[in-house]
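Annotated features, as they stand in TrEMBL:
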- 83-102: region 'Disordered' (REGION)
- 84-102: compositional bias 'Basic and acidic residues' (COMPBIAS)
- 118-535: domain 'Molybdopterin oxidoreductase' (DOMAIN)
- 664-755: domain 'Molybdopterin dinucleotide-binding' (DOMAIN)
Amino acid sequence: MSNSTSTTNESDGSRIERRTFLKGSAAAALSAGIGGAGVSQVVQGSTESEAGSDGWVASGTCWDCHQLCGQRVRMKNGTAVELKGVDGHPRGSPGEGREGRLCSKAHAQIEKAYDPHRIKEPYVRKDGELQKASWEEAFQVAADKLATFKDEHGPEKLLMAEGYDTDDMWKHLIMDIYGSPNKVGHKTICHGPWSYTWDWMGGRGRPAPDHKNSEYIISWGRNLLEAFNGQWEPMGILDAIEENDATLVTIDPRYTKTAQHSDEWLPIEPRTDGALALAMANVIIEEGLYDEDFVENYTYGFNELRQQVSDKTPEWAAEITDIDATKIRKVARGFAEAAPNCYATVWTGITNQSNGQKNAQNIHVLNGLVGNLDRPGGLRYWESPVDLADPYEVQGVEFPSNQDGRSQPLSDYEEYPFHHVRGLAHAQFPEAVENGDVAGAFMYWFSPLKNSNTQDWIEALEEMDLLIAIDAYWNGMTRRADVVFPESSQLEKPMLGAGGSGSYSTQGWVTGSKAAIEPQWDTKPGFDILKGLAEAMGYGEYVPWDSKEEKINDALSGMGLTLDELDEKNYVIQGEYGYESWKEDGFDTATGKFEFVLDNVEDYAAAAEQAGISTAPEYVPPEKFGQMPDEEYPLDFTDAFVEQISRGGDQTLDHSRQLLAERWGLDHKDYRGNYLLLNPDDAEPRGIEDGDMVTVESPEGSISLMAHVTEGIKPGYTATTLGWGKGSITPNEEGGNSMMLHNADQIEPISGQVARHIKVEVTKGGDA
Ligand code: SF4
């Protein structure tokens, strides 16, 4: 596949320079402590007084990080000029009668909507070059190419890759109708190890925190106050601290904003989380602090667990984790004494490791021991007791199952050893392309180049026979595609969402809205793109609605609600359900109990045996599967999330990049890429000062980015934010793509999760 394109730099040079304005607003955001919470700011170049105070005319739902915080939009002369939160919103506020807020990323939506870097019209590759096309032409070319691909390769060789979708039609179109069984999403680049493990241990997916009722919170490898699932999370935690006198503990080698607000910050030696968890279990068991009734009646494998941790004392763990034994005892006791109104919650900090699965298991042991599951202030088994109808059923649409009988080519464990518990792992697709098992991809806001072995992915994309992309920005995928469909951003399309987890601990919610503004330029919402493509492919009968609004209305008909009404209200709270679901229903596991030991999970037991680890909790040191620093590459490097930039394509926005630069005090520099956090102990011997450009080199490659020298990261450990540099959407690919340093072997062997810890050396100097 040719990679030549005439569209690499889409900027038309008309961007408004907003740094002067943003300086004030960002300072306010930072002083608010949790990023932008509480900051209501104008991004589109007008101030509140200029816009007037009576223009809150449009409603909306933020999708910038997929969490649906409710928002209202102020319009002025047809332009969106300001956003604010919705009071009482289940995802954007701490609950009834409480102020709704948006984080700093959300405020950048206005800049995103009018961003001249966006793809403004469809493109089709002709004579090796991407050229502008009409929508009709783009639909027809894509449909023809998909038909030819199916004839030549079979549908099973088309990869369906999704990251940021806002309509489920793609699943039906590409998987059910076209017949591809192959999909890759977030599971092996984000949360796979703990999603699988916590589901195996207790069933029903991943239990999540009931923040506002909690009294003891352990944010473990998670930066809860700035990498959140909606504003209800940081606000609920701050409420718990204020109203319940809750203790907040952060376990993280980085001094994050969550660490700043914590009672205890445990700057753990990277990748030794599993040892710390076992030592805490040792304290809780040895001191009889566990929930005897829960353990005796509702758990499986306690005796084996007791044996496994009998010698895993805090002193043993202190050697490994660099956390004082006294502190380990203190946190273990505090956590258990607050039970059941306590929780230990995890995310990428523990999953992006070669031993991520065992980290997740050992930490969830602690939740099981204190019996905090589905109890107030613990880890809730959230439900969604809302009556949305299935819009396909309402219209009598039935999809074929054309993928049935077509196996996923990567289910051959001999050939692709690291995917025992799932068919496909993100990092392995390049190899699958090389082996002829995948020959094309349908990509819906998909960004593989920032998520694993970038160089391999670039080569694989070049090899593929067909690439179709739906996206809003030019990046490493869209520039290589055969057909590019430009999608609208969230202010330009209607939204609907429903769920349970949020600030209403025993009720479900529905939230949604109409579009606030018309699609900009010649772009379309995802629904319209999928409908147009389905019609061109001859599948129009499966999309009977003329618009997404009609489809949403069919879904809302189950609640006796219309989109007009929901748009006005922004959200509706519905249903009621209780705690301790396991008392009646048991846990959804082989034994019906919460399982400390996973010998009943067939797939896992087989994978564990092959990997040489136990089904019981145990400490798996990082070197067993992962890459360790050595003489040549003495530093441990990874990437992480910050509030200002994460997911959703914020890297191109002046607003977000400026806030990030200000956060590290480097906004006076002519640089808006990502930053390498480096401890002074590591910076000084290398002659590196704050604000210097540096080169980070691994055995796989090298990148350049700016150093931020700070005590807020452990010596020997370095980190940056992901999503920058080569293949990214940043203007001129500014910054360093951390995954240029990565290879396909850096993978967690049970789940196939990308292991993001890389051994590197850092030297002064690099491309600005
Ligand atoms: S948390 Fe996510 S959904 Fe909520 S306001 Fe921020 S970016 Fe939007």
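Cβ atoms here come from the backbone N, Cα and C positions, even for glycine.
Because the structure is a prediction, the values reported are computed rather than measured.
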Could you tell me how many residues in the compositional bias 'Basic and acidic residues' (84-102) are helical, how many are strand and how many are coil under DSSP?
0 helix, 2 strand, 17 coil
Confidence summary (mean pLDDT) of the domain 'Molybdopterin dinucleotide-binding' (664-755):
95
So, by DSSP, how many helix, strand and coil residues make up the domain 'Molybdopterin dinucleotide-binding' (664-755)?
14 helix, 25 strand, 53 coil
